[in-house]
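Here Swiss-Prot flags 1-21 as signal peptide, drawing on sequence analysis. Under the heading domain 'SMB', Swiss-Prot lists 49-96, citing sequence analysis as support. Among the features that Swiss-Prot reports, disulfide bond is placed at 53-72, 70-84, 70-72, 76-83, 84-91, with the record citing sequence analysis. Positions annotated as N-linked glycosylation site by Swiss-Prot: 77, 160.
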């Protein structure tokens, strides 16, 4: 009984296999020719690359060809041809019977010879014979890297940020960072050590915006201006002035004022130093972002930094008064805001935490790697997904950000990860509404190496005036 059923089952499977084979043969016989409009990729090495020439009909003697299938068997050389472009020359030693396409096919349209299209950050150019040649630059948005990060157990998720699409990794490093690493003299400046009181315990989580509501400002967007030195400095100073004035002054300070006017050893949208930025804020001061708005997100090393449009004079006791009207003609208030000298904190996480909790957000230098641009959410740490790739895929540069808090999170695998919360200067569309979390206590990306604090210059007359 079971033998009969087994025989019937095998017979049925054999019949289905034969039917599928016939359908495959019919599909090939009924398919339109590949070269009705001429041979695309006429210089392509298909049969030759595989050293493949088959007699008669051999459906397995096939290769992928521009989204279709081409063959290297004699059967392909019939009225309706589905031969690979080099079949006639390589297998038969004769010229092909079809002319090469004068142009290249992409996305359903034909491009003329020397026509171009962009594939992410790489330009592809059509050459004679119908084949494309594309640049091989590493792109800032790397879909393969996104997949590798999200498959791994790294504690954070990567994503495609449309504002970065079409940029090379080199352009991201050149235009989206912009803090020049301090000189050895500055890096060796004395640290101010913060001592925890006996029995003092810091909370497991803290966020500046919760302690000082309405006094912590949201991230701005530096665009393709390599000016993180100005944006992070203005961001920390804005919060510190707001906190130290007890909310009597709550300016969003102008990065453009620094970019255009702080020109001593600074390079505007081509990069700058933090010590120079804090010197300018202490000695000259800046106005609000409303008064002197950012000129545009497309400033870069190829465009000159706009000239300085704010000037001031000394009033005595180190204070400054503006002598220029606001570049934004719709704003009347041209008040100058200043700070005291910046000071460096120790690299111990508890010292940074205590300073942040008592006096407000701090500024941190960090090394940005190729995967950081793709950050979407979670607790960031630099991943090894680019190891083993050529050097041009493994780039890094110096950046500066504003640290606003800290916390801990238990991951699905049971690990507890400590983190900093920081504000970037790439706009609210990036990361966690413009912010990111990064592993705390291990000096991840050197973020605990060079941390600065500052006091807003606030007097009683300022409190009354504002």
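Going from the start of the chain as shown, residues are counted 1 onward.
Every residue gets a Cβ built from N, Cα and C, even glycine.
A Cα-Cα distance of 45 Å separates residue 77 (N-linked glycosylation site) from residue 160 (N-linked glycosylation site). For residue 84 (disulfide bond), the nearest neighbour among the listed recorded positions (53, 72, 76, 160), judged by C-alpha distance, is 72. Sequence-distant neighbours of residue 76 (disulfide bond) (same chain, six or more apart, CB under 8 Å from its CB) are 70, 82, 83, 84, 87, listed in sequence order. Residue environment of residue 84 (disulfide bond) contains 31 other Cβ atoms, counted within 10 Å of its Cβ in all protein chains. Mean model confidence of the domain 'SMB' (49-96) amounts to 91 (pLDDT, 0 to 100 scale).
Comparing residue 91 (disulfide bond) with residue 53 (disulfide bond), their Cα atoms are 6 Å apart once rounded. Taking the glycosylation sites 77, 160 in turn, the residue surrounded by the fewest other Cβ atoms inside 10 Å of its Cβ turns out to be 160. Of all the disulfide-bonded residues listed here (53, 70, 83, 91), it is 53 whose C-beta has the fewest other C-beta atoms within 10 angstroms.
For the pair residue 160 (N-linked glycosylation site) and residue 72 (disulfide bond), the Cα-Cα distance reads 40 Å. Residues within less than 8 Å, Cβ to Cβ, of residue 72 (disulfide bond) and separated from it by at least 6 positions along the same chain comprise 46, 47, 50, 52, 53, 54, 61, 62, 63, 83, 84, 87, 91.
In the three-state DSSP reading, residue 91 (disulfide bond) counts as helix.
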